[in-house]
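> Have a look at the structure that comes next, please.
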Amino acid sequence: MTFEMLYSKIHRATITDANLNYVGSITIDEDLAKLAKLREGMKVEIVDVNNGERFSTYVILGKKKGEICVNGAAARKVAIGDVVIILAYASMNEDEINAHKPSIVLVDEKNEILEK
């Protein structure tokens, strides 16, 4: 049996852009994404602290420092400056659960790393 468990999280990131006319996804500063163990194309859940919206999308690695940009139709669910939590989950069996520690990255309002 497997369980969906928290794999990693970027906590309280700030939306820097929302691009309605892009195909879809969330663009995340590559360094920040790698620290959170997020891979390009990985499914993530976005929770907007300001308005309560929750939605799923996939990761695109961005080149700009501190970039967190929601793309496509989901851009209507956020506003620039909103605070979000970016969550990734993984299916794990009992042994994997016991050995796993989620990667949690805390950032400030400029999406600079506070703590890992």
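Cβ coordinates come from backbone N, Cα and C, glycine included.
Okay, these came from Swiss-Prot:
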ACT_SITE  S25  active site, schiff-base intermediate with substrate
ACT_SITE  Y58  active site, proton donor
BINDING   T57, G72, A73, A74  substrate binding site
MOD_RES   S25  pyruvic acid (Ser)
> How many Å separate the Cα atoms of the residue listed as 'active site, proton donor' and G72 (substrate binding site)?
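That comes out at 11 Å between the alpha carbons.
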> To the nearest Å, how far is the Cα of G72 (substrate binding site) from the Cα of the residue listed as 'active site, schiff-base intermediate with substrate'?
7
> Using DSSP and three states only, what is Y58 (active site, proton donor)?
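The residue in question, Y58 (active site, proton donor), is strand (DSSP, three-state).
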> Going along the chain, which residues six or more apart from A73 (substrate binding site) have their CB under 8 A from its CB?
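Result: L20, G24.
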> What whole-number value in Å do you get for the largest C-alpha pair distance within T57, G72, A73, A74, the residues recorded as binding substrate?
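Max Cα-Cα spread across the substrate binders: 10 Å.
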> Which whole-number value in Å describes the distance between the Cα atoms of the residue listed as 'active site, schiff-base intermediate with substrate' and T57 (substrate binding site)?
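Between the Cα atoms of the residue listed as 'active site, schiff-base intermediate with substrate' and T57 (substrate binding site), the distance comes to 5 Å.
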> So which other residues, same chain and not among T57, G72, A73, A74, have a Cβ within 8 Å of the centroid of the Cβ atoms at the substrate site?
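Output for this site, in sequence order: G24, S25, I26, F55, V70, N71, A75, K77.
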